[in-house]
Amino acid sequence: MSKVYDWFEERLEIQAIADDITSKYVPPHVNIFYCLGGITLTCFLVQVATGFAMTFYYRPTVTEAFASVQYIMTEANFGWLIRSVHRWSASMMVLMMILHVFRVYLTGGFKKPRELTWVTGVVLGVLTASFGVTGYSLPRDQIGYWAVKIVTGVPEAIPVIGAPLVELLRGSASVGQSTLTRFYSLHTFVLPLLTAVFMLMHFPMIRKQGISGPL
């Protein structure tokens with residue numbers, strides 16, 4: 001076993017990386033409220049795992065979506081648990097993200113030199129809200145249908161470009177298969193990819209600049 005470790009150590013300097021991680025200075029004012037960002041990340045990872053599991057059974061069509069969700073909840077092994085954990089962690093992710101934003105704002109974590117960290121965090125907040133909107137429509141039940149109809153209809157009030165924006169969001173003049181396909185693609189591919197990209201920008205900046213000082 002030591003030979004295997006030595007082989008990797010010689011090429012990757014694993015011990016130096018481990019020492020850097022474990023020896024990072026943590027300011028004495030840090031408390032549990034500074035863990036909210038990490039909890040949000042944990043919720044996101046749970047979302048990825050449970051969401052991936054549900055893609056094996058979910059069918060993104062207007063005729064089969066609701067029935068496939070019913071199948072997940074009643075027939076698939078532990079499907080009810082996986083979907084419930086997905087929903088609970090989604091709510092927890094939104095709550096933790098909001099509390100994290102408040103903590104950062106109240107402790108001045110957005111000030112120089114951490115402006116870019118704040119900007120990437122705001123983008124992650126928008127992506128989190130987008131997860132909620134797109135995911136809400138996927139069961140294709142009455143609540144999801146009307147929620148999507150209202151949300152996608154909001155831009156209609158914008159002069160000139162309102163109607164084209166609505167059609168772009170829905171994929172047609174009304175909420176239908178094109179809308180479900182768009183939202184499913186956004187929810188399962190585009191948004192997770194963008195979230196991962198901005199997280200890979202967000203965390204190294206925190207690592208480099210350290211935790212902001214007390215007020």
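Quick reminder: no glycine exception, Cβ is built from N, Cα and C everywhere.
Looking at 116-136, 158-178, the range annotated in Swiss-Prot as transmembrane segment turns out to be 116-136. Listed stretches 90-110, 116-136, 186-206 were compared with the transmembrane segment (32-52); the greatest number of C-beta pairs under 8 angstroms is found for 90-110. The Cβ of His187 (heme b 2 binding site) lies under 8 Å from the Cβ of Gly51, Phe131, Thr134, Gly135, Leu138, each on the same chain and at least six residues away in sequence.
Within the same chain, residues at least 6 positions away in sequence whose Cβ sits under 8 Å from that of His86 (heme b 2 binding site) are Val46, Gln47, Thr50, Gly51, Met54. Around His100 (heme b 1 binding site), the same-chain residues six or more apart in sequence whose CB sits under 8 Å from its CB are Leu36, Gly37, Thr40, Gly121, listed in sequence order.
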